[in-house]
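Asks: Okay, so Swiss-Prot annotates it like this:
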type: DOMAIN; residues: 536-635; note: domain 'Fibronectin type-III 5'
type: CARBOHYD; residues: Asn48; note: N-linked glycosylation site
type: CARBOHYD; residues: Asn101; note: N-linked glycosylation site
type: CARBOHYD; residues: Asn114; note: N-linked glycosylation site
type: CARBOHYD; residues: Asn142; note: N-linked glycosylation site
type: CARBOHYD; residues: Asn169; note: N-linked glycosylation site
type: CARBOHYD; residues: Asn224; note: N-linked glycosylation site
type: CARBOHYD; residues: Asn252; note: N-linked glycosylation site
type: CARBOHYD; residues: Asn279; note: N-linked glycosylation site
type: CARBOHYD; residues: Asn287; note: N-linked glycosylation site
type: CARBOHYD; residues: Asn323; note: N-linked glycosylation site
type: CARBOHYD; residues: Asn391; note: N-linked glycosylation site
type: CARBOHYD; residues: Asn495; note: N-linked glycosylation site
type: MOD_RES; residues: Tyr757; note: phosphotyrosine
type: MOD_RES; residues: Tyr804; note: phosphotyrosine
type: MOD_RES; residues: Tyr811; note: phosphotyrosine
type: SIGNAL; residues: 1-23; note: signal peptide
type: TOPO_DOM; residues: 659-874; note: topological domain 'Cytoplasmic'
Amino acid sequence: MAQTVRECSLALLFLFMWLLIKANIDVCKLGTVTVQPAPVIPLGSAANISCSLNPKQGCSHYPSSNELILLKFVNDVLVENLHGKKVHDHTGHSSTFQVTNLSLGMTLFVCKLNCSNSQKKPPVPVCGVEISVGVAPEPPQNISCVQEGENGTVACSWNSGKVTYLKTNYTLQLSGPNNLTCQKQCFSDNRQNCNRLDLGINLSPDLAESRFIVRVTAINDLGNSSSLPHTFTFLDIVIPLPPWDIRINFLNASGSRGTLQWEDEGQVVLNQLRYQPLNSTSWNMVNATNAKGKYDLRDLRPFTEYEFQISSKLHLSGGSWSNWSESLRTRTPEEEPVGILDIWYMKQDIDYDRQQISLFWKSLNPSEARGKILHYQVTLQEVTKKTTLQNTTRHTSWTRVIPRTGAWTASVSAANSKGASAPTHINIVDLCGTGLLAPHQVSAKSENMDNILVTWQPPKKADSAVREYIVEWRALQPGSITKFPPHWLRIPPDNMSALISENIKPYICYEIRVHALSESQGGCSSIRGDSKHKAPVSGPHITAITEKKERLFISWTHIPFPEQRGCILHYRIYWKERDSTAQPELCEIQYRRSQNSHPISSLQPRVTYVLWMTAVTAAGESPQGNEREFCPQGKANWKAFVISSICIAIITVGTFSIRYFRQKAFTLLSTLKPQWYSRTIPDPANSTWVKKYPILEEKIQLPTDNLLMAWPTPEEPEPLIIHEVLYHMIPVVRQPYYFKRGQGFQGYSTSKQDAMYIANPQATGTLTAETRQLVNLYKVLESRDPDSKLANLTSPLTVTPVNYLPSHEGYLPSNIEDLSPHEADPTDSFDLEHQHISLSIFASSSLRPLIFGGERLTLDRLKMGYDSLMSNEA
C-alpha cells in the first residue's frame, strides 16, 4: 500500500513538472535547464545538465550568494516529501553537471535557487528537464496471422522482443495479389504494449491459392527495425468457427450407442470429436471426414455421464483446426447389470438350535451396474429340506435367524430398471470350524496413514485344499454390525499377503481375520492392527473392587473409543499402600474386549491400598485412570484353625489321660459350682418300681423274671452312685450285674478297680451263716445306661433296715458316725474319696438333699434277701 502511494506521488510530481516545462509558464521565469547531447539517451550513456539564471534574476539582496541546487527524482529512490535527491550545488548564475549511470526509464532533474542559509525559507525552483534512458527496438519475430471463419478479418500477432522503455511505434503491412496493400499502426510505452493488430480486411475463398506477405516495423528515438517477411495463403490463416448446436440421440434407448449431431460452416471437410466420462482424465478421440454434422458412437458406457466436444477444419491436409466447441454433458441410458456381486457373511449362534446369518455384499461399480440399482434380491436356501427364504432390500446387508441344522446356501442379485444381474451363490459353512485350515503367523504392519499390510503362512492342511483366502477387517468400535459392517478382500491361494486400504483411518484399531476356505470347510486366525497409533488419552475407569475368597476382583470400564488412539495391547493395574512413597506394584493384563475384571491375590489384609489402571499401545502408556482406595478384610485361615484345634485336642486328651491331672482338674471344676445349684437326690418311694409292687412289712417278694428287666427304666431319674460304708473294710467285687433266667447268680471275678470296703459292726469271725448270707450293706449303685443289665451274683443279696442320712455322694449308713477313723486305711480312703468326684463345675457344698413332706419310703424299711428272690422265682 505504501509503495503504491509513493509511486502515485512521484507520477503526479512528474506530470506536474512536465506540464510546467511544456507550458513554459512561471516556473521557469528564473532561468533555464538544458541537457546535452539529448533528452533521450541509450543505456550507459552520460548527459550534461546545465542550469542558468535569466538576467536580473537571482538573490536580490545578495547577488553574489546565488546557490544553484540540482535535485534528482527517480522511480526507484525513496524521496521523502518529494524534495528529491541532491546531486549537485554551485554558487553563481549558472552551473553544469554531468550525470552518469542513469537507470532505464525516465529521470527528472530540477534546478533550485537557494538565497538564504536559513532552513526557514525553502529553495525556489528555477526549471527542470527529463532524461529518458532506453534501447533501440529489436526486429519483431514469430509473426502469425489468422482469419476466424469465412467472414472474419485478418489479424496478425508478433513477438516485440526486449522492452525499449521508450515510446515505440509498430507498423503492420500486408501485401497480396492485385496490388493489395494494407497497413495498421500501434505504439508501446510504459502503459501499454503493442504486439497484435487487426487489419480489418476479409480474405475470401476465391483467393484460396493466392499468397500474401506481411511485415512489422518498429521505430523509436534510438532507432528502428523490421521483421522478416511472412508469407501465407488463405487456407493457412483461415480457422473455421467452432461447431455449435451439439446434441446426441440414443438409438432405441440404448446406453452404449448414440448419434452425435452438430452445426458447422459449409467449407468444413474434417471434424474431430472427443468425449470422456466426467470422472476420467483421458479423452477418446475420433476423426470424421465429411461428417456433415453427424456421427455414430458405439462404445459408450450405459448410465454414464459423458462430456462431448467437436472441432472443425477446412482442408484435409492443410489449414488449422477450429477451437473446441462448447461442451455437451449428458448421461447415457440404463441397461441391465452385468456384474457379479461380491458376497460375504458372518455367523453367530443364538441358542442350541438357532443361528443368525448376516449377509454382506459390495455394490457394483458403475460400469457393472449400468444403471441405478433399485434393490437386491436375497435368497437363503436349505439344500436338503428345500426350504427357501427370500427377501428384497435396498441395503447392502441382510440378517436372518435360521436353524443350526442343515446345509445352507445364499445368493444375491442386483436389479435396476432394465433387469437384474446374475445371482452370486455362496455356501454357508463354519468359517472358523476347522483348525487344520487356520492360517499361521498372521501379522499386521502399518505401512502408512491409510493402509495396513497383512501377512500370513499357509495352514497345516495341504495347500491344494485352500480354494481362496479372505482377509476381513472391521473397526473395533461400539455399534451394531450393520452400522459398522466388515470389509474384505479375496486373495488367490498362492498369495500370502494383502494390503488393506478400504476405509482404513489412523488411530483406529481394527480386528483383522484371515480365512482359509475350501469347498466345504473354513479355518481362520485373527489379529488386531492399526495404521497409526499414539498413547491413549486416558486410562480405564475402575468401577468396583470386591473381595471374594481371599482375592480382590477389580472391575473397570473400557476407555472410550475416540480416546484409545490405536490398538490397546495391555492393561496395567497398579497398587501401593496408602501414604507410601515406595514404587507401586503392578499387574499386566492382556487386552481383551470382553474382559472388564481381573483378580489380584497379593494384597495384605487390613491394609489400605490405592489402586489405579493404565492402558498401553505400541506408542506408549496412557495417563493413569481414577484412583480407588480399598482395605482387604481377609479371612480366617481355616487350615491354621484346624491344625491348632487338633493340637489343643491332642494336648487336652494327653493331659486328662493321666489320673492325677484329671482328678486335680475335676476338683478345681467342682469348686466352681454356684451355691444356688443343688443336685436333687431322688427318693426311692417315688420310683416306678415301688409303685408297681406293694411294700411288705419285712420284705418285698420279687419275681426273678423281673430282675431281667432294664434297670433303671427311661422314666426313672438318673441313677446315683451310693457308697457302701462298713465298720470293717471287706473287699467286695463291683461289676455290672447280669443274671439269666434259670441260672441264678453266678460268681464273678474281682478286680482292683472294682474292690470296695464294707463296714460291719460285728466282728468278722462272729458272723453266723445267715448273717454272712444276709450281710446288711448298702450297695453302691452306679449310673448306668438304660440298657445296662444286672450281672450274676455269687452271694445272696439281703437288704436290712438301717437308719440313713442322704448325702451328696449317695446313701450312707445311719451309723457312719460310729466308724472309727483308725479302722479305715488312709490309702484306701483316699482312693475311695477320689473315685466318685463330681464332674460338675459348681461347688459341691451347694448341693442339698431333696426333702419331701409326709411319709416316705426309706432304705431302713427295706429288707431284701436271696431267699425272697428265690421264693419269688419259684
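Glycine is treated like the rest: Cβ placed from N, Cα and C.
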Asks: If I take every residue in the domain 'Fibronectin type-III 5' (536-635) and average their pLDDT values, what number comes out?
Replies: 88
Asks: Work out how many Å separate Asn287 (N-linked glycosylation site) and Asn323 (N-linked glycosylation site) at their Cα atoms, rounded off.
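Replies: Cα-Cα distance, Asn287 (N-linked glycosylation site) to Asn323 (N-linked glycosylation site): 15 Å.
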Asks: Quick one: pull the CA-CA distance for Asn495 (N-linked glycosylation site) versus Asn279 (N-linked glycosylation site), whole Å only.
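Replies: Spelling it out, the Cα of Asn495 (N-linked glycosylation site) and the Cα of Asn279 (N-linked glycosylation site) are 32 Å apart.
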Asks: Let me know the DSSP-derived helix, strand or coil state of Asn495 (N-linked glycosylation site), please.
Replies: coil
Asks: Hey, how far is Asn169 (N-linked glycosylation site) from Asn224 (N-linked glycosylation site), Cα to Cα, in Å?
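Replies: Cα-Cα, rounded: 9 Å.
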Asks: If one measures from the C-alpha of Asn252 (N-linked glycosylation site) to the C-alpha of Asn279 (N-linked glycosylation site), what distance in angstrom results, rounded to a whole number?
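Replies: On Cα coordinates alone, these residues lie 26 Å apart.
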Asks: Where does Asn252 (N-linked glycosylation site) sit by DSSP, helix, strand or coil?
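Replies: DSSP call for Asn252 (N-linked glycosylation site): helix.
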Asks: So of all those glycosylation sites, Asn101, Asn114, Asn323, Asn391, which one's Cα sits nearest to Asn142 (N-linked glycosylation site)?
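Replies: Closest recorded candidate to Asn142 (N-linked glycosylation site) by Cα: Asn323.
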Asks: Please classify the secondary structure at Asn287 (N-linked glycosylation site) using three-state DSSP.
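Replies: Assignment for Asn287 (N-linked glycosylation site) reads strand.
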Asks: Of all the glycosylation sites given, namely Asn48, Asn101, Asn224, Asn279, Asn391, which is spatially nearest to Asn114 (N-linked glycosylation site) at the Cα level?
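Replies: Closest recorded candidate to Asn114 (N-linked glycosylation site) by Cα: Asn48.
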Asks: Any idea which of the glycosylation sites Asn114, Asn224, Asn252, Asn287 has the thinnest Cβ neighbourhood at 10 Å?
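Replies: Selected from the glycosylation sites Asn114, Asn224, Asn252, Asn287 on minimum Cβ neighbours within 10 Å: Asn252.
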Asks: Does DSSP put Asn142 (N-linked glycosylation site) in a helix, in a strand, or in coil?
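Replies: Note: Asn142 (N-linked glycosylation site) is in a strand by DSSP.
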Asks: At 10 angstroms around each C-beta, which of the glycosylation sites Asn142, Asn391 has the fewest other C-beta atoms nearby?
Replies: Asn142
Asks: Of Asn101, Asn169, the glycosylation sites given in the record, which has the fewest other CB atoms within 10 A of its CB?
Replies: Asn101
Asks: Tell me, by DSSP, whether Asn323 (N-linked glycosylation site) is helix, strand or coil?
Replies: coil
Asks: Counting only residues 6+ away in sequence within the same chain, which have a CB under 8 Å from the CB of Asn323 (N-linked glycosylation site)?
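Replies: Set apart from Asn323 (N-linked glycosylation site) by at least 6 residues yet with Cβ under 8 Å, we have Ile239, Pro242, Ser311.
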